[in-house]
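Participant: Sharing a structure, written as structure tokens. Questions coming.
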Amino acid sequence: MKEKKKSDVSVLLDYAGSHKGLTFLGLTLSAVSMVLSMAPYICIWLAARDLIAVAPDWTQARGVARYGWISFAFAFAGILLYFAGLMCTHLAAFRTASNIRKQGVAHVMKAPLGYFDANASGLIRGRLDAAASDTETLLAHNLADIVGTIVLFIAMVILMFVFDWRMGIACLLAAVISVASMFTMMGGKNAKIMAEYQTAQDRMTKAGTEYVRGIPVVKIFQQTVYSFKSFQKAIEDYSAKAEHYQANVCRIPQSINLTFTEGAFVFLVPAALFLAPNALKHGTFAGFVTDFAFYAVFSAIISTALARIMFASSGVMLAGTALGRINRVMEAPSLKIPAHPQTPHSNKVEFQDVSFTYDGAESAALTHVSFTAEPGQTIALVGPSGGGKTTAASLIPRFWDVTSGSVKIGGVDVKNMDPHVLMDQVAFVFQNNRLFKASILENVRAARPDASREQVRAALMAAQCQDILNKLPDGLDTMIGTEGTYLSGGEQQRIALARAILKDAPIVVLDEATAFADPENEVLIQKAFSTLTKGRTVIMIAHRLSTVVGADKIIVLNKGCISEEGSHNELLTSDGLYARMWADYNKAVQWRISSEKEAR
Ligand SMILES: Nc1ncnc2c1ncn2[C@@H]1O[C@H](COP(=O)(O)OP(=O)(O)OP(=O)(O)O)[C@@H](O)[C@H]1O
């Protein structure tokens, strides 16, 4: 049997968990308060009827004051229940929104790290935050208003038809036209247009963020916003989608709605005139006027109710698109966790016939790559740009999972290891070191939260960071990135090396990027490297060939394949790609030395 598709609201209510009942309680209270809110209108009508009946001797109308009190009591009770209902729906809405945020973050945490390359964490957070707040409005206000108004409508229809079904129809006709015009805005083609409009808004926000990030480049090259084609296109696209949405979805229904909401009694006067002769024949003029007053008063409630529905229905649409955004976060792929994790027997790292293609890429980034790093060995990955070095290194911590073949640590496929054990086994130092806006202590301690201050200090010393600590005002407790405390690229890298040293993992994956370091920094970084790599299995991505001369094995990756492998001397003898790269590298070094000499 085909499974019935759940409505957006019930999917959202599932996020409320144990607070779902509170939402229903809030909705019930809101519905009851709406029914009670009709009482003052009925009392006004009853008072008007009594007054008209005894006119012009008003003193005869003894019940009027009583109606006033009853009306007050019902209005007061209605307001109290409405507030109690709102308290319930608000509590449930806050919990639902926080559950959405928590579940979204928890789900994304299970995604492979590579997922964050294509989905910036800021964007995911922004998407979740905005979607959660949109649902908050629906669950806290809109839903209660919709349920309450529907109940109010039903009660009104019953009441009106009990009095005079013809006047009832006249009264409701305007309402039906209004509601029908509004419903044409929802669902089908219009929901698609609304979703496109929201997506265009998302895209513009994303492109705006990229533009702000790229402002330095724009300024340096004296460009204008128009040089940021994607941002310009996103703005134009958003503007077109917004106009399309206004023109095709909103304009006509909202005009009809406004006309009939404000003029809910347009059909009432003709109906009254039509029914007047017969009514006057069987009753008094006073009775006829009173009945007309009843419907005139109720048409005012219809206007209020319609305005409420109109406001609330936009909340439903907004929540529908918000749910779409939440679903996109929830669709993030999860890292497959083994049911029976295996423990590695050693620190050997093996690539066995590994091929890997990025999602959506036309060609493979790695093809049939096999190599082994024995425990304690240093393996250098070298090769032209785009050869696959970073990709190969990223497969060890499961940034991505191999397309075919296997990556093993100590004889166990990384896919069969407990992810926590995998992370404990391997320390990473990437080019983009990602220091947080926090103290140096906290930055280094991120690798091992239970480490003492002394252990952190020792790791910093081993990573040659003495000079950094000496020059900073608060030493270990200096906040990085605030009040002018900024570190150079080389200094940041040494802090990141301290973090890896503190982690004390038996396997180290290192993206050696000293290109931006000055000679002094470079010497210190090299010393920190040798401390970090001593006695460990090291996979090193090398950009500068001087650092790989001492490696146990050099793997030359070109266009995703291993084109050569061996020690430095072996590769020079075989006179292939590596030998050419080495010659080029030496030429570049010679050129630098001679230009520096000339400059002096
Ligand atoms: N996230 C990604 N999505 C799709 N393709 C990618 C992605 N990252 C890298 N690639 C592609 O995979 C191939 C290998 O890239 P990789 O970054 O591993 O090379 P590399 O040898 O580390 O290069 P470099 O020395 O310039 O850092 C390249 O063709 C690259 O365009």
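The backbone N, Cα and C atoms fix where each Cβ goes, and this holds for glycine too.
Copied straight from TrEMBL:
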type: DOMAIN; residues: 24-238; note: domain 'ABC transmembrane type-1'
type: DOMAIN; residues: 349-584; note: domain 'ABC transporter'
type: TRANSMEM; residues: 21-47; note: transmembrane segment
type: TRANSMEM; residues: 67-93; note: transmembrane segment
type: TRANSMEM; residues: 143-161; note: transmembrane segment
type: TRANSMEM; residues: 167-186; note: transmembrane segment
type: TRANSMEM; residues: 260-280; note: transmembrane segment
type: TRANSMEM; residues: 292-320; note: transmembrane segment
Participant: Would you mind listing the long-range same-chain contacts of the transmembrane segment (67-93), meaning Cβ under 8 Å and 6+ residues beyond its ends?
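Facilitator: Residues packing against the transmembrane segment (67-93) from afar: 16, 19-20, 22-23, 25-30, 32-34, 36-37, 39-40, 43-44, 46-47, 50, 135-141, 143-144, 148.
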Participant: Could you tell me what the rest of the chain brings near the transmembrane segment (21-47), counting residues at least six beyond its ends with Cβ under 8 Å?
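Facilitator: Apart from its flanks, the transmembrane segment (21-47) reaches 13, 61, 63-64, 67-68, 70-72, 74-75, 77-82, 84-93, 95-96, 139, 143-145, 147-152, 155-156, 159, 290, 293-294, 297-298, 300-301.
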Participant: Mind looking up the mean pLDDT for the domain 'ABC transporter' (349-584) in the predicted model?
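Facilitator: Summing pLDDT over the domain 'ABC transporter' (349-584) and dividing by its length gives 86.
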